[in-house]
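So the structure is just underneath, and the comments pick up after that.
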Amino acid sequence: MLKFLKQVGDYAKESLQAAKAIGQGLGVTFDHMQRRPVTVQYPYEKLIPSERYRGRIHYEFDKCIACEVCVRVCPINLPVVDWVYNKETKKKDLKNYSIDFGACIFCGNCVEYCPTNCLSMTEEYELATYDRHELNYDNVALGRLPYKVTDDPMVTPFREFAYLPKGEYDPHVVPSDRPRAGQRPEELVDQYKQAAAANEEN
């Protein structure tokens, strides 16, 4: 009889320990269920790059004096500067300027040392292509104005992941009415239309 009672007591003890372990695991799960998802559903949601983000290089043809400082400071001598010497003006006439982003390491040396500030780093980071030759940007492609994430109505920009308030280290502490992960572009467009209609009524 005592042996049986001991077995029942041990079984009850083990059951309580198992229930406690399961409860702890479920507690962690439920805690995460209440939080806002941190996964960015790219390409429908995009992080806004930081202010000094080193993305695609923007080039202004009119400012360039063909000094080739960018070529000298580049670790891999990447920029290609084509120019001819004009004997009348005794200056260089720039013909073409190109950078191969397939080889560029985005170090920013060319931008930092450019004497006329004709080069600048943009926030654009989507340079993927099926053909590597398309990554060789000439002066026309480099002169194209950068595309901002915030200008695209089909994309939800996530500012709070890149710009958290001072002293704030937890991206979960954001308003619950912000668009959540998993929304499709058409849903976002409908949401924006409803918000615009509500603003017009007010």
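Placed from the backbone N, Cα and C atoms, the Cβ positions cover glycine too.
Pulled from Swiss-Prot, these are the features on record:
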type     : residues                      : note
BINDING  : Cys64, Cys67, Cys70, Cys114   : [4Fe-4S] cluster 1 binding site
BINDING  : Cys74, Cys104, Cys107, Cys110 : [4Fe-4S] cluster 2 binding site
COMPBIAS : 168-187                       : compositional bias 'Basic and acidic residues'
DOMAIN   : 55-84                         : domain '4Fe-4S ferredoxin-type 1'
DOMAIN   : 95-124                        : domain '4Fe-4S ferredoxin-type 2'
REGION   : 168-202                       : region 'Disordered'
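Here the features listed in Swiss-Prot are placed on the structure.
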residue: Cys64; record: [4Fe-4S] cluster 1 binding site; Cβ within 10 Å: 19
residue: Cys67; record: [4Fe-4S] cluster 1 binding site; Cβ within 10 Å: 16
residue: Cys70; record: [4Fe-4S] cluster 1 binding site; Cβ within 10 Å: 25
residue: Cys74; record: [4Fe-4S] cluster 2 binding site; Cβ within 10 Å: 19
residue: Cys104; record: [4Fe-4S] cluster 2 binding site; Cβ within 10 Å: 19
residue: Cys107; record: [4Fe-4S] cluster 2 binding site; Cβ within 10 Å: 14
residue: Cys110; record: [4Fe-4S] cluster 2 binding site; Cβ within 10 Å: 22
residue: Cys114; record: [4Fe-4S] cluster 1 binding site; Cβ within 10 Å: 20
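Here the candidates are the binding-site residues Cys74, Cys104, Cys107, Cys110. The one whose C-alpha lies nearest to that of Cys64 ([4Fe-4S] cluster 1 binding site) is Cys110. Taking Cβ pairs closer than 8 Å, the domain '4Fe-4S ferredoxin-type 1' (55-84) reaches residues 49, 91-101, 103-107, 109-125, 127, 137, 139, 142-146 in its own chain, all 6 or more past its ends. Cα separation, Cys107 ([4Fe-4S] cluster 2 binding site) to Cys70 ([4Fe-4S] cluster 1 binding site), rounded: 12 Å. A Cα-Cα distance of 4 Å separates Cys110 ([4Fe-4S] cluster 2 binding site) from Cys70 ([4Fe-4S] cluster 1 binding site). Within the domain '4Fe-4S ferredoxin-type 1' (55-84), the DSSP-based counts of helix, strand and coil residues read 8 helix, 8 strand, 14 coil. Of the recorded residues, Cys114 ([4Fe-4S] cluster 1 binding site) and Cys74 ([4Fe-4S] cluster 2 binding site) place their C-alpha atoms 11 Å from one another. The average pLDDT for the domain '4Fe-4S ferredoxin-type 2' (95-124) in the predicted structure is 93.
Note: the domain '4Fe-4S ferredoxin-type 2' (95-124) comprises 5 helix, 9 strand, 16 coil (DSSP; helix = H, G, I, strand = E, B). Separating the Cα atoms of Cys70 ([4Fe-4S] cluster 1 binding site) and Cys104 ([4Fe-4S] cluster 2 binding site) is a whole-number distance of 12 Å. Each residue contributes its Cα atom, and for Cys74 ([4Fe-4S] cluster 2 binding site) and Cys67 ([4Fe-4S] cluster 1 binding site) these two points are 13 Å apart.
Each residue in Ile65, Ala66, Glu68, Val69, Val81, Cys110, Pro115, Thr116, Cys118, Leu119 lies on the same chain as Cys64, Cys67, Cys70, Cys114 and has a C-beta within 8 Å of the C-beta centroid of that [4Fe-4S] cluster 1 site, without being one of the site residues.
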